[in-house]
Every structure is written in C-alpha cells, then in structure tokens.
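Record features, source TrEMBL:
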BINDING   B:159, B:160, B:161, B:192, B:287, B:362  substrate binding site
BINDING   B:193, B:245, B:295, B:401  adenosylcob(III)alamin binding site
C-alpha cells in the first residue's frame with residue numbers, strides 16, 4: 001500500500017527561521033498533517049494543565065525558609081478554579097481568615113513580596129525561588145526592609161493591594177503565574193505597586209513579564225525589577241508614569 | 001414595568017434593559033455583571049415577556065439614556081421611520097416569526113434594516129435558537145467591495161493574519177507568503193502590530209503594499225493600529241487601504257478605547273479621500289466582541305450581547321468593508337466555554353447581518369477558556385452554513401503575538417471544500433492565474449512558486 005505522505009512546501013521550510021509561527025506545516029488533503037496536529041494538541045494540553053495546577057505550598061515554604069522571613073498562607077474569596085475563571089472580582093479580595101492573619105504583621109516595611117498562583121501555578125512553582133534567589137540579596141544589600149512573604153491561593157494581581165495595605169508595606173511585589181500561551185505554560189509575571197491600597201487599577205502598576213528560563217532569565221528579571229523598585233522609591237510612584245521613564249533608560 | 005405569571009408566581013421586570021438581561025441565554029459575563037436570570041424559569045419567563053413587547057416600545061425606552069450617550073443618540077436620530085413602518089405593528093415575538101417566514105426574503109430584510117434598532121435586533125435574537133440564528137443569517141446577503149468583492153453567496157473569504165511578536169518584517173512576510181500559498185487573504189491581509197508607533201506601522205504598510213503590487217494581488221492590506229495612528233499615517237501619505245478600529249456599544253466604552261464618533265468620522269473621510277479602492281470604496285474595518293463594555297466598566301446595567309449589537313450601530317454608520325466579532329478572545333469571565341462562545345458568535349453574526357453589516361467572526365479561544373479545537377471546528381462549520389463573510393487565517397491556528405488560537409489556513413480550505421464555497425471572485429481568478437489552485441479550486445503543488453523568490 002502506498003503511504004500517504006503529507007504535501008509539504010519544502011522551500012517554505014527555509015522561512016521558518018524568520019518566525020516561530022507554525023508556517024510550512026504541509027497538508028494532507030486540506031487538513032493539517034497528524035504530526036503537527038498532535039504537537040499543537042500537546043502544547044494546548046500543557047497550557048490547560050497549567051491553568052488547573054496548584055501551588056506546591058509545602059515545597060515553596062521549605063525553599064523560602066532560607067530568606068528568614070515569616071511566611072503567611074493566604075486565600076482569596078474564590079472557592080475553586082471554575083469560580084476563579086468566572087469571577088475575577090472574587091480573586092482580587094482576601095477571605096476573612098486571611099484578613100485576620102494579616103493583623104498580626106502590620107508593623108510596617110518597605111516591600112511586601114506575594115507569591116500568587118494566578119493562571120499558572122506551574123509558573124510559580126518552577127520559577128519563583130530562582131527569581132527570589134537573585135532578587136532578595138539585591139534588596140537586602142540596599143537596606144530595604146522586607147515584610148513577611150505571602151503565599152496566596154486563587155489570587156489575581158489586585159489581591160496584592162489588600163495584602164500590601166494590610167501589612168503596611170510601602171511597595172508590593174506580586175509574583176504571579178501568567179495566562180499560559182501555547183509556547184509557554186510557565187511564564188511568571190512580576191507586578192509592583194507603590195503605596196498599595198484597595199481600589200487601585202492596572203495603571204498604578206509596573207509589570208515585568210515572561211520570567212522563565214527560556215524567556216527573561218531570573219538574573220535579568222531581578223535586575224529589571226530591582227531597577228523599577230529603586231525608581232519607584234525615588235519618585236514615590238509606580239505605574240504609567242514610571243514605565244515611560246524606565247522604557248527610555250532601558251532602550252538607551 | 002413588564003410582568004408575567006407562571007403557576008401563580010409573578011415575574012416582574014422593572015424596565016426594558018432588565019428584561020433584556022434576564023431573557024439572555026446564560027453566559028458568565030452577565031452573571032459577573034449581576035444581570036442574568038436567577039434561574040431557568042425566570043429566564044423563560046423573561047423571554048415570554050419579551051416576546052410580547054411591541055417594537056415601538058424600543059423607540060421610547062432607551063437602555064442607556066439619550067442625554068448621556070452619543071451611541072443612543074445615533075441610534076435614535078438615524079432611525080428610519082419609513083423602513084420601520086413595514087414592521088412597526090409587530091411585537092418582538094411576532095418579528096421573530098415574520099423574519100423566519102418564507103415570504104421574508106433578502107430584499108425585504110435589506111429594506112427594513114434601517115428601521116431596526118440594535119436593541120430590537122438583540123431582543124429578537126434572545127428568542128431564537130441557534131438554528132434560527134443560522135437560518136436567518138443565511139437569508140441575509142451583505143456584499144462589500146474594495147479591490148475585490150466580499151460576501152457574495154457561495155463565497156467565503158479570510159483575513160490573513162501574519163502577526164509576529166516583534167513585528168519583524170521577514171517574520172511577517174514569511175507568514176504572508178505561507179498564507180497566500182494556502183489561498184488565504186481575500187478579505188484582507190491584516191497585521192496586529194506589537195507596537196503602535198507610526199514609524200513601525202508605516203514600515204509594515206509599505207512592506208505589504210510592495211508585495212501586493214509586485215504580485216498584483218486583488219486584495220487589501222491593513223495594519224490594525226489605533227485610529228489616531230492610522231489618521232496620522234493617511235495624512236503623511238502612507239499606503240493605507242483600510243482604516244481599522246475596535247469599537248464598543250457605549251460612549252464610555254469607546255472612550256476607554258480612545259475613540260468617539262467624530263474621530264471615527266474624521267478618519268473615515270480621510271481614508272475615503274485616498275480613493276485606493278478599485279471595485280468599491282468600503283474603507284473601514286471594525287472589530288467588536290461581547291464583554292468589552294463590561295470590562296471597561298461601561299455597560300450601564302445592559303447585558304453584554306445588547307451592548308455588542310449597539311456597537312453595530314457605530315459600524316453601520318461608516319459603510320465598513322469588514323466587521324469582525326472577536327468572539328472568544330476576551331476570556332472565560334465573559335464567555336466561559338465552547339457552548340457560550342458558539343452561541344455568542346452565532347448571535348453576533350446574525351445580529352450584524354440583519355443590521356446590514358458584512359460580518360466575519362474570529363473563531364477563537366484562549367487557553368483559560370473551557371474550549372478547544374473541536375469547539376472551533378463546530379463553530380466554523382456552523383458559520384459556514386450561516387453564510388459568514390470571512391474568518392481569520394493564522395499559521396497553524398496559533399497567533400504567536402496575541403497568544404490565542406484562531407482558525408488556520410487549513411480550516412478555511414476545509415470549509416470551502418465541504419460546503420463548496422469559493423474565495424472572492426477576483427482573488428479566485430488570481431489564485432488560478434498564479435497556479436496556486438486549479439479551476440476547480442483544488443490546491444496545486446507550489447514548490448517553485450514565484451512568491452517564494454522574495455527572500
């Protein structure tokens with residue numbers, strides 16, 4: 001029996017060096033060949049698994065010990081992933097137990113670091129410690145006082161406003177799993193907010209995105225975050241105004 | 001006050017906008033906004049109540065106040081009484097039956113379209129099953145023209161979407177050539193730019209214009225930058241075929257996009273003045289999507305589907321070549337799963353077509369939605385049957401810049417094959433002349449094609 005070979009456009013294959021788009025994948029009839037179809041399915045499976053992954057609290061708590069900070073275990077008002085995906089408003093608010101938990105730690109600090117599952121706990125589980133190993137020594141060497149580190153389940157970015165406010169921190173740094181893409185299910189995002197308080201919007205934050213070994217490396221990300229933190233303290237603000245200036249400097 | 005009794009239980013709806021929200025088929029965005037029915041019975045009670053509302057009521061009861069919103073003013077001030085007189089005696093429910101009747105044909109629908117308001121159309125869609133939405137949309141034919149003719153019966157077009165995360169010209173060109181060799185790009189070759197800087201956008205426009213000239217491709221190109229960027233580039237003499245903008249259904253939501261009606265009008269007239277179209281002069285390309293008003297905190301208690309149809313009032317004012325509802329891009333807090341995405345797409349397609357718009361659909365989903373390729377296959381097939389004007393064409397379904405999944409070049413080939421559809425006639429002739437397809441529309445081997453010589 002004659003084997004059905006996918007019709008491929010060989011010269012087009014050379015164009016693949018210019019883009020990671022799925023070009024020149026050939027066809028069988030009008031359909032995508034099986035190999036490419038399964039590759040796509042696998043990438044989607046990784047993204048789906050990442051959305052439903054959970055914070056590995058035990059392992060993270062153990063790894064965070066060497067930073068010698070108290071560790072808080074907090075939770076949003078969301079009950080499960082299904083609700084998390086449909087009610088972003090509840091993912092932005094702490095539940096009552098968590099609010100009470102914060103009360104014992106409101107004696108003021110410079111920076112509150114929060115580790116939040118977001119849309120990919122996988123990203124958090126895999127990349128947070130590496131990033132903090134590069135970042136925390138920079139902060140400590142600069143004399144910045146850290147608040148207790150929070151581990152937050154079912155959280156969105158804005159939950160950091162509640163936490164930072166409760167801890168009386170001058171700046172909140174949220175490390176959160178980003179929405180998984182087909183090529184990256186493990187992207188970590190860092191959001192910093194000066195003078196965090198409930199009710200802020202995204203305009204008040206700065207973001208460093210795509211933190212992962214194959215994206216923005218830990219060392220580069222830590223440097224970028226550290227720069228933004230210093231600028232935020234210097235100018236006593238964060239968000240749109242800070243971003244413009246930082247953009248100019250990093251391009252130069 | 002609107003009311004209905006079911007088994008001694010009285011359902012009351014204080015106003016039209018509450019009634020529209022409660023009558024909507026369930027979706028997560030209306031739940032998030034606190035607008036949807038409390039249960040199955042209340043939803044059907046609202047639909048039964050809505051069916052008895054006279055269409056005339058819609059002209060007297062605005063869902064967003066006339067004084068506060070320029071889109072409400074546009075809807076009311078541009079309403080055509082003569083067109084409306086054919087149907088002014090009907091209720092919403094009677095309109096549904098009248099639309100579906102054998103006597104109501106495409107010509108009749110075109111006649112009454114200026115007499116319909118978006119809220120009437122949204123209301124009637126809420127009384128329809130998916131099958132009704134498909135059957136009705138299939139009755140409508142909306143044809144537009146620039147360098148080719150889009151929307152003819154038996155034709156099905158695609159927007160070639162060659163996005164690249166850094167706008168690298170070679171990366172973009174590689175995807176364009178791949179797409180053209182897969183017969184994609186007759187609706188438009190349209191790039192979502194990674195940055196909105198005029199210089200970067202101008203480079204992409206020039207790249208596409210040169211490619212189009214060199215191979216004499218009967219299609220149009222577009223960089224989907226903000227309308228102010230496009231306007232600036234038109235004034236600077238850049239090769240702008242189409243003027244793009246995302247729009248929504250309230251003035252406040254549009255303000256969050258940085259646009260208003262007078263700005264769109266200015267850009268429309270500027271683009272029109274270039275007279276670059278050869279077979280027609282529809283120069284606008286609009287994108288919409290359910291949930292945009294709520295996400296801008298600008299829905300005024302109006303359900304997301306009604307807000308969406310109000311955006312079509314903006315679109316129809318400017319005679320667009322293409323209107324594209326980007327249905328699954330917004331995420332699961334607005335449309336949770338495949339079922340909700342499919343329903344929303346069929347609603348948008350039908351409502352736009354009934355209002356006289358050249359509707360296409362970005363058949364798409366994000367990775368945090370409960371949807372996958374199977375759901376998109378279903379939706380694409382339904383839209384093909386419904387007579388959708390165009391969908392997207394993206395290499396392998398994977399948009400590496402916007403990080404979501406839409407339809408692939410292959411998907412369009414599939415749909416054309418199973419439903420016997422062809423590309424826009426001018427583009428079809430070009431494909432045959434170029435040896436990309438034979439005269440029956442079957443793909444030919446293109447290993448040596450001249451398009452590959454550009455690198």
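For all residues, glycine too, the Cβ spot is worked out from N, Cα and C.
Automatic, uncurated: that is what TrEMBL annotation is.
Other residues of the same chain near the substrate site, with their Cβ within 8 Å of the Cβ centroid of B:159, B:160, B:161, B:192, B:287, B:362, are B:188, B:190, B:224, B:324, B:392, B:394, B:406.
For the binding-site residues B:193, B:245, B:295, B:401, a Cα to Cα distance of within 10 angstroms from residue B:160 (substrate binding site) holds for none. In this structure the alpha carbons, written CA, of residue B:159 (substrate binding site) and residue B:193 (adenosylcob(III)alamin binding site) are 15 Å apart. Note on proximity: among B:193, B:245, B:295, B:401, the binding-site residues of the record, the Cα nearest residue B:287 (substrate binding site) is that of B:245. Around residue B:401 (adenosylcob(III)alamin binding site), the C-beta neighbours below 8 angstroms that are at least 6 residues distant in the chain are B:163, B:164, B:165, B:192, B:194. Largest Cα-Cα distance over the residues recorded as binding substrate, namely B:159, B:160, B:161, B:192, B:287, B:362, equals 15 Å. Spanning the listed adenosylcob(III)alamin site, residues B:193, B:245, B:295, B:401 have a farthest Cα to Cα distance of 22 Å. The binding-site residues considered are B:161, B:192, B:245, B:287, B:362; of these, B:192 has the fewest other C-beta atoms within 10 angstroms of its C-beta. The DSSP secondary structure for residue B:295 (adenosylcob(III)alamin binding site) is helix. If you take the Cα of residue B:362 (substrate binding site) and the Cα of residue B:295 (adenosylcob(III)alamin binding site), they are about 19 angstrom apart, rounded to a whole number. Residues within less than 8 Å, Cβ to Cβ, of residue B:295 (adenosylcob(III)alamin binding site) and separated from it by at least 6 positions along the same chain comprise B:330, B:334.
Of the listed binding-site residues, namely B:159, B:160, B:193, the sparsest CB environment within 10 A is found at B:193. For the pair residue B:161 (substrate binding site) and residue B:245 (adenosylcob(III)alamin binding site), the C-alpha distance works out to 16 angstrom.
In the three-state DSSP classification, residue B:245 (adenosylcob(III)alamin binding site) falls within a strand.
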